[in-house]
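Asks: Dropping a structure here in structure tokens format, bear with me for questions.
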Amino acid sequence: MDFVSLVNTVNSFVWGPYMLVLLLGTGIFLTLRLGFMQIHTLPYALKLAFSKHQDETSEGDISHFQALMTALAATIGTGNIAGVATAYVLGGPGAIFWMWVTAFFGMATKYAEAVLAIKYRTVDDNGEMAGGPMYFLEKGLPDHGLGKILGVAFAFFGAFAAFGIGNMVQTNSVADAVASNFGVDPLITGFVLAIFTAAVILGGIKSIGKATGIIVPFMAVFYILAGLVILAMNIGYIIPAFGTIFSSAFNFSAGFGALIGTAIMWGVKRGVFSNEAGLGSAPIAAAAAKTDHPGRQALVSMTGTFLDTIVVCTITGLVLTIAGLKAFPGLTDLTGASLTAASFDALMPMGGLIVTIGLVFFAYSTVLGWSYYGEKCFEYLIGTKGIRLYRIAFVLVAFWGATASLPLVWNIADTLNGAMAIPNLIGLLLLSGVVVSETKAFNEIRKNEAKNA
């Protein structure tokens with residue numbers, strides 16, 4: 001077996017049915033243990049996330065909002081444009097429904113990750129917060145060295161996955177899109193991306209937090225508004241589009257079992273790719289937030305899954321479904337970002353250009369968010385002395401990624417990304433009692449706050 005075949009085999013195993021069951025199963029388990037908390041706490045969580053009065057006095061490096069925007073920067077990426085289209089093509093419109101299901105249970109997973117990340121976070125040699133699965137695994141599961149082993153495994157996979165899925169794959173997508181639409185040489189695009197990446201990440205988490213606090217709201221609103229305009233222009237197709245999604249998710253025609261199975265597989269897989277619930281990446285950003293209690297920031301982190309999948313991915317999914325219902329010629333031969341761009345373009349003048357611009361911002365912000373994730377994993381492994389070197393390497397790889405051919409790199413990074421989830425999910429299941437305890441304590445704080453309000 002050659003190296004490429006080996007990578008593909010390992011990738012198929014890592015992202016096979018067992019992983020998808022583990023990811024979704026952990027979300028269901030945590031949802032039950034936490035009493036479906038994502039339903040009754042979502043309004044309060046959204047209020048916390050977007051409140052003008054951010055916590056500036058508690059321990060931490062950045063605000064609630066900046067921590068959420070940093071996580072969303074890494075989360076809202078090409079998966080929201082290309083990933084949804086891939087799920088739509090390979091799993092049918094019903095895959096979108098299963099993305100919603102994954103997001104619902106993933107909100108509990110994202111909440112639990114953040115609770116543990118903040119509870120077990122520490123201050124590094126530079127005086128900055130350091131947290132995430134590697135720390136809560138080591139501190140929360142100290143017996144027989146299991147936690148340390150799992151923590152090192154997570155950090156190793158995360159440090160290298162950041163260069164692939166969070167860097168080269170993103171800059172390559174930008175270079176391809178800009179070259180296709182504007183004829184710009186990938187070398188030029190790569191150079192510009194490297195300069196802009198360096199300008200932000202060399203300043204550390206505070207610089208990243210400030211940048212993502214501006215870029216993410218702008219790019220999300222820009223893309224969502226464009227999608228809403230298309231939906232308004234095709235308002236008569238919205239209900240039929242939802243009908244198509246639901247009927248495809250529960251297709252009771254001949255061979256429905258295989259059809260439903262395919263829809264579930266691609267919906268869950270692309271849903272996880274999009275919102276990253278269970279991968280263990282987002283809690284690294286949550287650990288940097290200024291907060292008085294793990295539960296408070298965890299609720300803010302939970303909204304990331306809602307905003308990413310229930311809002312942004314739904315916009316993409318509805319546009320794709322409406323374009324499919326209108327049966328525009330040429331769409332059936334496309335997939336990924338090309339299908340999304342063509343669908344937007346068919347339904348609105350300059351729609352394809354909007355998708356291209358959105359893709360550029362989404363991918364660039366992903367590079368910023370993942371640079372911090374990779375840096376913190378690297379720091380856990382070798383200490384703070386190598387951080388600047390890691391940042392410089394990240395900038396250089398951003399340039400290389402824009403000009404390289406990446407099929408093998410994508411599969412390796414994809415595999416490492418999935419491998420991150422395994423130690424993280426083990427930790428979430430074994431430490432679920434801690435999450436429940438912290439949640440009960442925070443609920444008491446909220447009750448007292450309500451009485452004194």
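Here the Cβ of each residue, glycine as well, is placed from N, Cα and C on the backbone.
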Asks: Arg446, Asp125 - same side of the membrane according to Swiss-Prot, yes or no?
Replies: yes
Asks: Let me spell it out: for each of the binding-site residues (Thr75, Asn80, Gln170), count the other Cβ atoms within 10 Å of that residue's Cβ, using every protein chain shown. Which one has the most?
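Replies: Ranked by Cβ atoms within 10 Å, first place goes to Thr75.
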Asks: By CA-CA distance, flag whichever of Gln170, Ser274, Asn275, Glu276 among the binding-site residues is nearest to Asn80 (D-alanine binding site).
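Replies: Of all the candidates listed, Ser274 is nearest in space.
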Asks: Is the number of Cβ-Cβ pairs under 8 Å between the transmembrane segment (187-202) and the transmembrane segment (387-403) three or more, considering only pairs separated by 6 or more positions?
Replies: yes
Asks: Across all the protein chains here, work out how many other Cβ atoms are within 10 Å of the Cβ of Gly79 (L-alanine binding site).
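Replies: A count of 27.
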Asks: Would you kindly list the residues that approach the transmembrane segment (149-179) from elsewhere in its chain, counting only those six or more residues past its ends and only Cβ-Cβ distances under 8 Å?
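Replies: Tertiary neighbours of the transmembrane segment (149-179) are 74, 77-78, 82, 132-135, 137-138, 141, 185-186, 189-190, 193, 280-281, 337, 356, 359-360, 363-364, 366-367, 369-371, 373-375, 377-378, 380-381, 390, 393-394, 397-404, 406, 409-410, 412-414, 416-417, 419-420, 422-424, 426-427.
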Asks: By DSSP, what is the split of the topological domain 'Cytoplasmic' (112-148) into helix, strand and coil residues?
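Replies: The composition, in the requested order, is 22 helix, 4 strand, 11 coil.
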